Structures are given as structure tokens and as C-alpha cells.
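**Q** What follows is a structure written as C-alpha cells; I'll ask about it next.
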């Protein structure tokens, strides 16, 4: 006799439901919010998006639809946290606009399946807005650290 496959569709449904409620923006285990911000958004030397996005997608096991890399150091981006607070897109008041524009690359997903994700690159020179929070254990010892890239302007 072969295996009873009557429960197989139910198993697939449950797996699909679990995957759909798993947040795509969840911070990977063992990383602080600032460390995850660094992986997703700090890239001092520009790389082509297909290569650069590997480091992001390897944590999430999916092709992230869009991502922006700031071509600056974490330290320089963190200095924005010392500038006046502005309201974030989510209504919180812990966002800060950079003092000057920076070089950045916006990566837009064009096709493929993880791990073979393909992206289009768009080099730009713009201001950024970051959300900042007090550092967690393991973060650099700044009063506030960037934890979310809120907007590019």
C-alpha cells in the first residue's frame, strides 16, 4: 500500500497560510534593527543590484521587490539621527532628514525566483530620511542609530 495522500492538500494549504502571514520585513534573528538596516541599506562602494541584493535576499529567502542602497558609511548616515526630528510616513516622530544628498542606488525586482533574483539599477543623488532609535546591545555606541529607511527625496 502507498502513503495516504488525503492530508497532503491540507498540509500545502497550511504551509501556504504560514508563509503568507510571515512578515516580509521581519528582522532576521540574531540581528538588531540597526544591523539589519546596515545589511539592507549601507553600501559605501556601489555594486550592481543583482549582486548587492544577494546579501539582503539570503536572509529572507525571497526576492525583495525594491531596495535602496546608500553609498555612505553607517557613521555618516547615523549623523542624520542628530538632526531635528520630523514625522515618519507611519506617523511616528523619530525620523530625520540627511543634511546633504548622497549617492544611492535603487534596485527594482524585474524577475526570477530566489536565489536567482534579477534587478534593474537606478543610480541617484538624493536626500534620505531615516528613523532612528536608541542602540541595542551589539550596535555602535551612538546616542541614536538608524533603523529604517523611511523615504528618499
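Keep in mind that glycine also has a Cβ here, set from the backbone N, Cα and C atoms.
Annotations for this protein, taken from Swiss-Prot, read as follows:
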ACT_SITE  41  active site, proton acceptor
ACT_SITE  148  active site, proton donor
BINDING   64, 65, 66, 67, 68, 89  substrate binding site
DISULFID  49-107  disulfide bond
DISULFID  63-117  disulfide bond
DISULFID  81-132  disulfide bond
DISULFID  88-95  disulfide bond
CARBOHYD  30  N-linked glycosylation site
CARBOHYD  58  N-linked glycosylation site
CARBOHYD  85  N-linked glycosylation site
SIGNAL    1-26  signal peptide
SITE      64  site 'Critical for catalytic activity'
**Q** Relative to the Cα of residue 117 (disulfide bond), which of the recorded positions 41, 66, 68, 89 have a Cα no more than 10 Å away?
**A** none
**Q** Near residue 65 (substrate binding site) in space, meaning Cα within 10 angstroms, which of the recorded positions do we find among 41, 49, 58, 88, 95, 132?
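**A** Within 10 Å Cα-Cα: none.
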**Q** Tell me, in order along the sequence, which recorded positions from 41, 68, 89 have their CA within 10 Å of residue 107 (disulfide bond).
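**A** Correct set: 68.
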**Q** Please report the DSSP secondary structure of residue 68 (substrate binding site), reduced to three states.
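**A** In three-state terms, residue 68 (substrate binding site) counts as strand.
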**Q** Given residue 81 (disulfide bond) and residue 148 (active site, proton donor), what distance in Å do their CA atoms have, once rounded to a whole number?
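**A** On Cα coordinates alone, these residues lie 11 Å apart.
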**Q** So how many other Cβ atoms are close to residue 30 (N-linked glycosylation site), meaning within 10 Å of its Cβ?
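**A** Residue 30 (N-linked glycosylation site) is surrounded by 7 other Cβ atoms within 10 Å.
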